């Protein structure tokens, strides 16, 4: 039988949700302004250490190349991001436009160009409308603030097909009882539309950490969050996640509270994981055309990688996604998607439940179907499938590894949005 | 610039399309009967050599397990296939039902049970309705024929969500100028629905060949055809392809006309490739909810595998599929799908064209966009996108390897079919 469990429960007293978004971290000043489909966000974070993760697509937008280079020395003082144009597939002109944008920020804020990162999202294959971008940068630069509202404005200014802005912030009590804050903004509807669905995410902390540690911590968090979000499996040319630390709290994340051989404080790592999962869920919930949020938890896998590929396979399956849209507790499609995922599994052991809110029902137990016609299990399962947020729990009973993937249903509106959008 | 080329042109005088389907091969007698959603096909092919390829899903239906065992010794005299019930996830009862079905065929046709293969497609997780299946077997066994009509009936009887029956047949002139025939039937809408979309395919030849050679030849053909069809990327628990040779032509496929170190006559291999591609295209065209057929040819890849993953990535991309449904020549989504496929590519070299019938237009040339607003290229591209059959040609300009993948658009009806289908 499947039972509920909260994998974060060990940390509930260590991680507190707070207000502020990216501005929960003091001294981080941000602004965001829009003009129709174009928007500009500025984040000023002087003398921060920084690490980033970027798209693995072989087609890479100019700002991604630029930012990879500029953060190589680990220092960051500002980020300039725009929506409406991805500055991708734009040749040499794209590189010039990137440099021009950075130049403007450098002049306004008197920051060395080598400490400025840039990111773009929007249509690809068209030149940057530099007149509009320049005007928006000048406007934004006059309203920088460290406030919850400023974080929301910055989150709004980078939206494209997003229907809601996305930001989050927490306070973490480290192993030595000192407190640090982490906050971030992001946009994206799930690594989805090469044209209009890039994922951008900027996360700040007031902890002390150098690039190496930030990178290690970010990579762990991203693997369990953004890399587990699948709306349609397409991957953008512009995906960018930047994580920076300004040290304002005077607390290092390297304290005496080790986990798995890492020097990173385990409460800090869990806090960053929770924050990134929160943002990842916000993206999945805002998936193009989505009417339902789907969480797929795979337990008992032989390896972490098996747990990840099995859960992603289910959340990605167009047949499972269509079934969720139709409110059908179709365990057969779930079993088949696990079966072709490549993860080790024995059909005689597989156990599947679905849940929503406080309701949980077993569909398959040790390879035996419990939810067939006329059973209370099927009736209950059909009730659960009517909810807006559905969790599918799969126990492979082969090992000790777990993973959770996030996604949404496949709807008429997904097809409509993506069929009608014109190059 | 992309130019048209017919990769089969060297073989046009060696491969002739003929009538007959699987019955183009003499002495192969078949029948198919239906009763509502259930159907039974019988193929009698005494004293044939046989090879097969099967689903790689870890959840495997009882008849797949059964047939893998029974054909191990390379001998086949009959195939019994049913639609309506996949006999999958049915435990020990599923195995008993498989054996019972084979027993009936063994008695009627006086064939050893060890020479009988079985295949099922339909709903999973429900017991086989043995009374109906038995009745249909008895009916079918009385109308066996070697005729074009019988081939069509057998193809019809295994249909599930298929909207048209699928069969094909050719005559091949071998390197020694002798002639052999190859014919087959299949069902499936593209390795698609674990519940109702299994791919089954049975191919006959009157050539002489043992299991080892049949397997080598079949594997090559399947890699370029059925394995290149993607409707939604889901893979069934029941996929089965059987290829058998009854030697009636007295001509061996091992003649003095080697290709790539293989002993198989190259005309025979090309013939089997063409036949399987024909059946594969019929499946892609009949994809669930499809309004348009998509062919994606990748040229100039560094390796065969690169060409395959790049072409499959494009044909699988929900964004590309939605764009085709919407008639949008969205080269950006094509570039991005190649970019994340994992294939080696340089964005500065990529060249993309689309074509339909005799119309061909370049969208991107050596990384430069040709089809932007106001150009004749874009206007022409939009005309092409209105056609029912669209070919996307991508030249990576990195090497000499090519591959073609087959698929269809993503439509409201795909979502409707799969949202409303109930477990």
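Each residue, glycine too, has its Cβ placed from N, Cα and C.
Since we're looking at a predicted model, the values are computed, not measured.
Note on residue A:198 (active site, nucleophile): other Cβ atoms within 10 Å of its Cβ, all shown chains, come to 32. Positions annotated as active site, nucleophile by TrEMBL: A:198.
Annotated substrate binding site per TrEMBL: A:160, A:187, A:198, A:288, A:418, A:423, in sequence order.
A straight line from the CA of residue A:187 (substrate binding site) to the CA of residue A:198 (active site, nucleophile) spans 8 Å. According to DSSP, residue A:187 (substrate binding site) sits within a strand segment. For the binding-site residues A:160, A:418, the largest tally of other C-beta atoms within 10 A is found at A:418.
Contacting chain B by the Cβ rule (under 8 Å between Cβ atoms), the recorded positions A:160, A:187, A:198, A:288, A:418 reduce to A:418. Of all the binding-site residues given, namely A:187, A:288, the one with the smallest number of surrounding CB atoms inside 10 A is A:288. Note: the Cα of residue A:418 (substrate binding site) and the Cα of residue A:198 (active site, nucleophile) are spaced 14 Å from each other. Annotated pair residue A:288 (substrate binding site) and residue A:198 (active site, nucleophile), C-alpha to C-alpha distance, rounded: 12 Å.
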